[in-house]
Structure formats: C-alpha cells, structure tokens
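First up is the structure itself, then whatever we jot down about it.
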Ligand code: SAM
Ligand code: SF4
C-alpha cells in the first residue's frame with residue numbers, strides 16, 4: 001500500500017484521522033452540490049433539453065446540508081467548502097444555507113462556483129450572509145459565442161453579475177473558462193487581457209468527458225499545452241513561484257511582451273486530462289441528493305441521505321463518509337494508456353449532476 005509524501009500514513013487510520021484513502025491522501029476540501037438544476041445548457045455539460053431534475057424531497061434540505069458541513073468540519077477535518085451544482089443561485093434558500101454554515105464555522109473559507117445569472121441582485125446579500133469568494137464560469141466575451149456555448153443569450157447578465165460580485169467584495173474573483181476547439185479557443189488571449197485588467201484570476205479548464213451528450217473527443221478537446229501556446233501569442237507566461245498546495249490549477253504569471261518585468265496578473269490552467277493531479281487530490285464531493293463521490297470520475301457512490309433521515313448520530317454519518325473516501329481510486333483512468341485511454345469509461349453522471 002503506497003503513501004504519498006507528506007500525507008498521513010494509512011497505518012494510522014482512526015476515527016480522528018479524517019477522510020483518508022488507501023493511497024495516503026486526505027480530503028480536506030468539500031465540494032457540495034446544492035441542486036442539479038441549471039438555467040444554462042452549456043454544451044460540454046448539459047443536453048439542450050436539460051436533464052430529469054431530482055424531485056424536491058430527493059435533494060438535501062437546508063438543515064441536512066448544514067449538519068453535513070458541521071460533521072465534515074468538526075469530525076472529519078474539512079478545512080474548505082465550495083458550493084456548486086447545477087447552478088447554486090437557483091436554490092431559493094441559498095442565503096439561509098450560507099448564513100447557517102457561517103454561524104457554525106466563523107473562519108471556514110466558503111466559496112461558490114456559479115454561472116452568475118442573478119448574481120447582480122444577490123452579490124451583496126451573499127457577502128453579508130458569509131460567502132468568502134466566488135468563481136464565475138464564463139467562456140466567451142462575445143455574445144454570439146457565449147450563446148452558442150451555453151445555448152442562452154445571457155452574456156450581459158453574467159458580466160453585470162461579475163461586476164456586482166467585485167463591488168460586493170467577493171474577491172479574489174476567479175473566472176472559469178472551458179476552451180472548445182474552433183469555437184472560443186481563439187479568445188484565450190482576449191480573456192486573459194480582460195481578466196488581468198480587472199484583477200481577476202482566469203482559469204482555463206480542459207474539457208473533460210463529463211457531458212451528458214457524450215460528445216467529448218480527444219481531437220475536440222484543447223489541451224493545456226495548446227492553451228499556454230494560445231496565451232503566449234500575446235503574453236509571456238512564467239510559472240508562479242507560489243506552491244501549488246493541492247490546488248487543481250497550475251498557476252502562471254502573466255507579463256506583456258513589451259514590458260516583461262511587470263507581472264500583470266496570474267492565470268491558472270486546470271489540466272485534468274493531460275496533466276492529472278490525482279496524486280495530490282484533496283477533494284470529497286457531495287451530490288445534491290447526498291451521495292459521496294470520492295472522485296469526479298468515480299463509478300461508486302455512497303448515500304448519506306438515508307442516514308441523515310434516520311435516527312443515526314453524527315458519528316455514524318462520519319463513519320460512512322470516511323469509509324466512502326477510504327476507497328477513493330488512485331487516479332481517474334483517463335491517463336492509464338495516454339490521452340483518451342481505451343479502457344476509460346465515461347461515468348453515467350454528467351458534470352452538473354455531480355457538482356463540478
Ligand atoms: N453552474 C455553475 C457554473 O457553471 O459555474 C456550477 C456548476 S458547473 C458544473 C462547475 C464548473 O464545471 C464550471 O466552471 C464548468 O465550466 C465546469 N464544467 C462543466 N462541464 C465540464 C466539462 N465537461 N469539462 C470541464 N469542465 C466542465
Ligand atoms: Fe449549468 Fe454550470 Fe453546467 Fe453550464 S456548466 S450547464 S452553467 S451547471
């Protein structure tokens with residue numbers, strides 16, 4: 001049984017050792033999906049017609065979510081929470097959920113990944129409720145391309161949402177962009193220019209085979225190496241000297257070609273497919289209906305909702321969560337035999353149904 005350098009030894013696994021796995025990793029970063037519903041239909045994530053949404057009572061309630069976070073933080077060593085979905089802003093009790101979590105955990109970093117529709121109206125309230133910062137997904141600065149990628153003509157609303165988040169103090173704002181060949185890949189330098197001018201950290205994400213349409217192809221995806229080359233047509237990129245510290249994004253400092261002494265900002269590149277970071281993964285995922293997924297590509301799911309709805313105590317819930325993470329796979333499998341490995345099987349759940 002292998003251990004990862006710097007990580008706790010598997011031999012010492014006890015109720016107090018948190019969410020360890022057999023490869024010696026410890027999950028401290030909780031990704032919690034608040035809903036499977038969404039008001040966009042990004043081509044790399046959802047089919048045009050949407051999905052069969054979960055019934056309301058299938059989704060974890062506000063009280064169940066708040067309890068689960070408390071168990072994660074108090075009993076299992078969770079040190080960071082990211083709210084996601086589906087689209088977390090469509091959840092009507094979002095502000096109450098954040099307020100309750102913040103009341104229990106005054107210093108826990110709580111971030112949210114959102115498409116920013118409706119953020120303009122709610123950014124200040126989110127900050128007041130206790131949200132620490134925000135990641136906004138926006139793949140294009142052109143209304144037509146945005147509409148092509150998301151199947152909805154709402155770029156202006158997203159831009160207003162981002163402005164409102166900055167004004168409300170929900171920074172450092174990170175902007176997530178998936179680059180798609182022949183659609184928005186040529187925008188890479190424009191997106192970088194736009195983000196660094198505003199003090200945002202742009203993160204390019206390699207397209208993963210997690211689309212409901214199963215349309216992902218090796219040829220279709222833009223690789224991290226290509227992303228760097230696209231940005232370097234206008235800028236100079238150098239590795240960010242800060243340690244990566246388990247983060248999925250590899251960070252790069254951005255300088256202009258004319259004044260290479262001045263750092264304009266940083267960007268991140270999330271190369272889950274071509275340069276996977278599984279050995280350093282610290283994530284544990286909870287789906288909107290309360291299932292633990294130890295990995296985005298996991299085919300195993302462990303239900304916690306039935307325990308939460310029984311008279312089981314917190315220790316029993318923690319134990320099942322620990323057991324689910326113990327079996328976290330060593331790697332997602334796309335890299336077994338190289339890019340687009342023949343033995344890789346796309347999971348049944350698409351990104352929005354897991355919680356990205
Ligand atoms: N709806 C919110 C949003 O879009 O930010 C939160 C959920 S979304 C599933 C989280 C992130 O997953 C987004 O940044 C989105 O771009 C990314 N994503 C979705 N499908 C993806 C795929 N097939 N490959 C890579 N990233 C994907
Ligand atoms: Fe919705 Fe986010 Fe998926 Fe786009 S990426 S369809 S915004 S869940």
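Yeah, the Cβs are placed from backbone N, Cα and C, and that goes for glycine too.
From the candidate list 30, 112, 208, the residue TrEMBL records in the S-adenosyl-L-methionine site shared with 44, 86, 137 is 208. Here TrEMBL has 31, 113, 174, 283, 284, 285 binding GTP, and the candidate from 62, 82, 255 in that same listed site is 82. For residue 208 (S-adenosyl-L-methionine binding site), the nearest of the binding-site residues by C-alpha distance turns out to be 42; the candidates were 38, 42, 82, 174, 285. For ligand 1, the neighbouring binding-site residues among 44, 45, 82, 278 are 44, 45, by Cβ distance under 6 Å. Residue 281 ([4Fe-4S] cluster 2 binding site) and residue 137 (S-adenosyl-L-methionine binding site) are 22 Å apart (CA-CA, integer value). Considering only the binding-site residues 44, 45, 278, 295, the residues lying within 10 A of residue 284 (GTP binding site) on a C-alpha to C-alpha basis are 295. Among the binding-site residues 31, 38, 42, 44, 45, 295, the residues whose Cβ sits under 6 Å from any atom of ligand 2 are 38, 42, 45. Here residue 281 ([4Fe-4S] cluster 2 binding site) comes close to 25, 27, 246, 295, 328: these same-chain residues lie at least six apart in sequence, with C-beta atoms under 8 angstroms from its C-beta.
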